[in-house]
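In what follows, a single structure is set out as structure tokens and then discussed.
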Amino acid sequence: MSASFSPHTITLIKSTVPLLAEHGTTIIEAMYHRLFEDPQIEALFNQANQKNGTQIHALAGAILAYARNIDNPGVLASAIERISQKHVGYAIHPEHYPHVATALLGAIKQVLGDVATSEVLEAWGEAYWFIANLLKDREAVIREGIMTKNGGWIHWRRFVISKRIPESETITSFMLHPEDGGPVVPHQAGQYLTFRFDAAGMPGMKRNYSISCGPNSDHYRITVKREHGTGASAFLHDQAKVGTIIECTPPVGDFFLPSVIERPIVLLSGGVGLTPMVSMMEQIAEAYPDAQVWYVHGTQNRETHAMDAHIRALVSRHKHMKATTFYTQRSEADDAEAGFITIDWLRANTPFQKADFYLCGPRPFLRTFVRDLIGAGVPAAQVHYEFFGPMDEEMAA
């Protein structure tokens, strides 16, 4: 990834870094206010992340990081891939980018005032369209790859809930088949679906849920924890029945197993973060008989532990697969380790520096293990993780 920005453009962008550090969130708030004057544009965004401020904070941090690295945009390659995958999931298309450009530049002028000269705005316009064109090009490649496969689709597609499976006291799995009776594009184990819910009280609400079954052309399975409140998880748990229709876009995401497994694999999850791991384990059990796999999961207790019997069955089918569970509230009868997963335990019981780690779980879980694994000597390129919600600068680092 290389950019042909002039030295003058680079100087202008870098001159705004202190202002972005101070006023970045205000600029992004103003940008979204402008964008959301158009209801069709507003409907593209996850409003929950708008209301709690996480998206505003994350985007402000991303723009600041871009400004600081304007002379070395190659450091943003992984972010470009993650955002492109997310945009395909949210059905964002090339025609939406000019709206963002107008809103962003208008917000910069509104917040920075006279400091945002015509030269500064021109430089930021150039910087925006450089990134926007990278995203559009990558998104086009992703969509083409989906559409060339049997069962592929691009926009929102209607699925029928064909089965509900209680997995724990707070977690339920939902089997999904296309309403049109056609095939589905096989996902890569670890990817997710983006859903649009139009039930009463949450029009246009969007959520990402990892696919929790192995790749196939017939159906998907998602496994959802009942969260507090009245959002998508409450709708699925309390209102969605067998026969209920829900809409989603095709599987996307940059968190998945490689086509060729060259190193031992450690799957590490916390709570409902087990969902992409189950998908990976199903694929490994089916297609990678020689892969060496350690699955380590942490949860509160037996009542909160989802899919335990299914995971044990997968382990029994594969001669090189091991699974260990940690309960923070363990009883004497539980076949689990007591307490929390630790780096010392992983170092002693897995291949560690020789392994590829795949992580999914709550934000504190990920922040701790991404940082500590790398700090303990696992190469950063061997630490892969999935996080739902806007990625803050600390996580992205």
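Each residue's number is its place along the chain shown, starting with 1.
Cβ coordinates are placed from backbone N, Cα and C, and glycine is handled just like the others.
Across the domain 'Globin' (4-140), the DSSP tally of helix, strand and coil residues reads 114 helix, 0 strand, 23 coil. Sequence annotations record features per position, and here Swiss-Prot assigns domain 'Globin' to 4-140.
According to Swiss-Prot, the feature site 'Involved in heme-bound ligand stabilization and O-O bond activation' maps to TYR32, an assignment based on sequence analysis. Listed in sequence order, PHE45, GLN50, ILE56, ALA103 are the same-chain residues at least 6 apart in sequence whose CB falls under 8 Å from the CB of TYR32 (site 'Involved in heme-bound ligand stabilization and O-O bond activation').
Long-range neighbours of LYS86 (site 'Influences the redox potential of the prosthetic heme and FAD groups') (same chain, six or more residues apart, CB within less than 8 Å of its CB): VAL252. Feature annotation from Swiss-Prot assigns site 'Influences the redox potential of the prosthetic heme and FAD groups' to LYS86 (among others); the stated evidence is sequence analysis.
Within 10 Å of the C-beta atom of HIS87 (heme b binding site) sit 21 other C-beta atoms, taking all shown protein chains into account. Sequence annotations record features per position, and here Swiss-Prot assigns heme b binding site to HIS87 based on sequence analysis.
Residues or ranges marked as active site, charge relay system by Swiss-Prot on the basis of sequence analysis: TYR97 (among others).
The active site, charge relay system feature in Swiss-Prot is assigned to GLU139 (among others).
The region 'Reductase' annotation in Swiss-Prot covers 151-397.
The feature domain 'FAD-binding FR-type' is assigned by Swiss-Prot to 154-258, with sequence analysis given as support.
The Cβ neighbour count for ASN208 (FAD binding site), using a 10 Å radius and every protein chain shown, is 22. According to Swiss-Prot, the feature FAD binding site maps to TYR192, ARG207, ASN208, TYR209, SER210, PHE387, PHE388, GLY389, PRO390, an assignment based on sequence analysis.
A C-beta separation below 8 Å, combined with a sequence spacing of at least six in one chain, links PRO276 (NADP(+) binding site) to ALA189, GLY190, GLN191, TYR192, SER210, ILE211, SER212, PHE255, TYR358, CYS360, GLU386. Annotation comment: Swiss-Prot describes GLY271, VAL272, GLY273, LEU274, THR275, PRO276 as NADP(+) binding site, evidence class sequence analysis.
The Cβ neighbour count for GLU386 (site 'Influences the redox potential of the prosthetic heme and FAD groups'), using a 10 Å radius over every protein chain in view, is 24. Per Swiss-Prot, site 'Influences the redox potential of the prosthetic heme and FAD groups' is recorded for GLU386 (among others).
For the domain 'FAD-binding FR-type' (154-258), the number of residues in each DSSP class (helix H, G, I; strand E, B; coil) is 7 helix, 42 strand, 56 coil. It is GLY273 that, of the binding-site residues GLY271, GLY273, has its Cβ surrounded by the most other Cβ atoms within 10 Å.
Cα separation, TYR97 (active site, charge relay system) to ASN208 (FAD binding site), rounded: 22 Å. Neighbours of the NADP(+) site: apart from GLY271, VAL272, GLY273, LEU274, THR275, PRO276, residues of the same chain with C-beta atoms within 8 angstroms of the site's C-beta centroid are SER210, THR223, SER269, GLY270, MET277, VAL278, ALA306, CYS360, GLY361. Long-range Cβ contacts of LEU274 (NADP(+) binding site) within its own chain (separation 6+, distance under 8 Å): THR223, HIS297, ALA306, MET307, ILE311, CYS360. Counting every protein chain shown, 27 other Cβ atoms lie within 10 Å of the Cβ of TYR192 (FAD binding site).
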